[in-house]
Amino acid sequence: MLKFLILLSAVACALGGTIPEGLLPQLDGRIVGGTATTISSFPWQISLQRSGSHSCGGSIYSARVIVTAAHCLQSVSASSLQIRAGSSYWSSGGVVAKVSSFKNHEGYNANTMVNDIAVLHLSSSLSFSSTIKAIGLASSNPANGAAASVSGWGTESSGSSSIPSQLRYVNVNIVSQSRCSSSSYGYGNQIKSSMICAFASGKDSCQGDSGGPLVSGGVLVGVVSWGYGCAAANYPGVYADVAALRSWVINNA
């Protein structure tokens, strides 16, 4: 179904059409136009895994709490989840910790993608090091155009069934909520108060791994959430706005 929605969005983009609200394809987790990197450059990044296979990204908030996207945790039990931290490779190295429980934002809506944020509680504490570090939550949004980065292990091309073994990243620029919902871009009123956008010219508009970090100024400003499957300048990637959702994370950590 997800691939159908992405294909539908690409067709609509090519035709200059508008996809009705409610057909909002989630990011399929790809770093297109990205660069291989090491975990020491993104030590807050984790791989969220279902039954041992990479599923989504996430960010270390504390030794026992991970921030990710609510849409990553649909129809899944905590017992099937684990995270790998401290490794540039999702399938080896670093440390693995089981997920004891998780909580989605109570206001998350799979149709509108509002409040697309969740916290994972680990069964054991992470030991911080040069490759395992917590990242702070943004208390305010960066300015429109501010430099940011997105990292993850997503597929490198649309439609690919394989993912890279090594962590990758792309540099992007923040598109403010007000600008992302303006006539400058194609989303209009689908951009809600719990969202922020980012875009990079010449790179896929669906950067990153679902649930993974959008970082600017050394703090977590966004969680990879959704975007239309069309790498056009008028459709930036859309992220859960961490500054807007900060108090929820703190209260549920």
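Our numbering is plain: 1 for the first residue shown, then up by one each step along the chain.
Using the three backbone atoms N, Cα and C, a Cβ is placed for every residue, glycine included.
Per Swiss-Prot, the feature signal peptide maps to 1-22; the stated evidence is a curator's inference. According to Swiss-Prot, the feature domain 'Peptidase S1' maps to 31-253. The disulfide bond annotation in Swiss-Prot covers C56-C72, C180-C197, C206-C230. Residues or ranges marked as active site, charge relay system in Swiss-Prot: H71, D116, S210. Sequence annotations record features per position, and here Swiss-Prot assigns site 'Required for specificity' to D204.
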Which of these disulfide-bonded residues has the least crowded Cβ, counting other Cβ atoms within 10 Å: C56, C72, C180, C197?
C180
Once the DSSP letters are reduced so that anything not helix or strand counts as coil, what is C197 (disulfide bond)?
strand
State the Cα to Cα distance, in Å, between C72 (disulfide bond) and S210 (active site, charge relay system), rounded to an integer.
7
Given the recorded positions C56, H71, D116, S210, which one's Cα is the least distant from that of C180 (disulfide bond)?
D116
List nothing but the one residue from H71, S210 whose Cβ has the fewest other Cβ atoms within 10 Å; the candidates are the active-site residues.
H71
Tell me, in order along the sequence, which recorded positions from C56, H71, C197 have their CA within 10 Å of D116 (active site, charge relay system).
H71
Between H71 (active site, charge relay system) and C56 (disulfide bond), what C-alpha distance do you get in Å?
10
Take the Cβ of D116 (active site, charge relay system) and count every other Cβ within 10 Å, whichever protein chain it belongs to.
32
Can you grab the distance from S210 (active site, charge relay system) over to C197 (disulfide bond)? Cα atoms, rounded to a whole Å.
14
State the Cα to Cα distance, in Å, between C197 (disulfide bond) and C56 (disulfide bond), rounded to an integer.
19
DSSP three-state call for C56 (disulfide bond): helix, strand or coil?
strand
